Amino acid sequence: MSTGSISDASAPATVRAGTPSPHERGSRGYRTITLSLFAAGLTTFISMYSAQALLPAYADGFHVSPAVSALSVSVTTGLLAVAIVPASVMSERYGRTRVMVLSALVTCIVGLLLPLSPNIGLLLAGRAIQGVALAGIPAVAMAYLAEEVHPKDLGAAMGRYVAGTTIGGLVGRLVPSAVVDVGSWRWAMEASAVLALVFAVVMIRTLPASRFFTPQRVDPRTVLANVVAHLRDPALRTLFALGFILMGGFVSVYNFLGFRLSAAPFGLPESVVGLVFLLYLAGTYTSAAAGALSDRIGRRRVLLGAVGTTAVGLALTVADSLPLVLLGMALFTGGFFGAHSVAGGWVGRLATQHRAEASALYLLAYYLGSSVAGAAAGVAYAAAGWVGTAGFVGALLVVALVLSVVMFRRNGD
């Protein structure tokens, strides 16, 4: 069932020969598909956010400001956002799994070359290219799961994929943080790239061929019509806005957390600051738990609770007490990933047709929020330090809560 060289084009013939059913929890197919997408999440987020742990090192090594250093994250997520819809369109023509495999391979090749960058300009250019390459996995993963997994288990499957992204984000920050203290940022990036390649191989070798998808020739006008149709849906528009706000706030906090903890009154070394990313484990738990919980008690309770938890955690990070900051970051991280798991899975449920475009629009907003808000937070940090950043993100979370309440009142659960 699994293959290292996937061809969606051959899947329909196999499907017609039998009577396949969607993967259900407990089945071998379900375990395989969730393992593969878990590895895909690891590969994607190790590659995407390994630079975030090295922002102070970039600032020192290239003699640039924290805001310029943070562009190494913003350009990646920004170009990823731009490439989301084209990658989704490619998956409609050439197959979900082919696009994911190509995305993983190109991402890892670029990642292995990035440590050779002689200046910040070339580093940013390479990170931009990597952002385009990265788009194939997140653009397709949610639509792929929605097609292949039984609806009653989709929330849990989506939660496992998001759990992979949280661990990828954790590993992608811990590894370079540890290596940079004993080597240089170049060795730190190389170590992260090699690790991403390992998980890419796992993904490719275990990724099941699509069974409920038939490749089709794509008419750009049809794609545009599908996109417009999704944008006309008030519930989907709200979920897209939530993706923008939540990811924008999350990346803003983590972009400048290292600068805050390495400065007074904390003065922590980079290797110790890197350990703070262990709090990503809170997100690993809540992403899987929130997806499964929303299947049982409803999305409204879980989403509102997750966004509220994120806001409470953010408020605690303003304190000058390290234990309170750490507690705040645990709540902030857990709340964010819980909310993202629910919102992302909900898009797949609401969009009963043209799911790839719907998932792509959600992720376009999600990563555009990372790029735009992450850059704007640099202005807030330069103007008012951590208090400015926290105030900026707090305003975003208030908007997220308001949007959530309005959506539930209009559309129910």
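Note that Cβ sites are derived from N, Cα and C of the backbone, with glycine treated the same way.
Fair warning: this is a prediction, and the values are worked out from it, not measured in the lab.
Copied over from TrEMBL, here are the features:
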DOMAIN    29-412  domain 'Major facilitator superfamily (MFS) profile'
REGION    1-27  region 'Disordered'
TRANSMEM  33-55  transmembrane segment
TRANSMEM  67-87  transmembrane segment
TRANSMEM  99-116  transmembrane segment
TRANSMEM  128-146  transmembrane segment
TRANSMEM  158-175  transmembrane segment
TRANSMEM  187-207  transmembrane segment
TRANSMEM  239-259  transmembrane segment
TRANSMEM  271-290  transmembrane segment
TRANSMEM  302-319  transmembrane segment
TRANSMEM  325-348  transmembrane segment
TRANSMEM  360-384  transmembrane segment
TRANSMEM  390-408  transmembrane segment
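Here the transmembrane segment (302-319) lies next to the transmembrane segment (239-259) in space: the count of CB pairs under 8 Å, restricted to residues six or more apart, reaches at least 3.
The transmembrane segment (33-55) makes contact with the transmembrane segment (128-146), as judged by at least three Cβ pairs under 8 Å among residues 6 or more apart in sequence.
Within the same chain, the transmembrane segment (239-259) packs against the transmembrane segment (390-408): three or more Cβ pairs sit under 8 Å, each pair at least 6 residues apart. 67-87 is the stretch from 67-87, 128-146, 271-290, 325-348 with the greatest number of Cβ pairs below 8 Å to the transmembrane segment (360-384). Per-residue pLDDT, averaged over the domain 'Major facilitator superfamily (MFS) profile' (29-412), rounds to 89.
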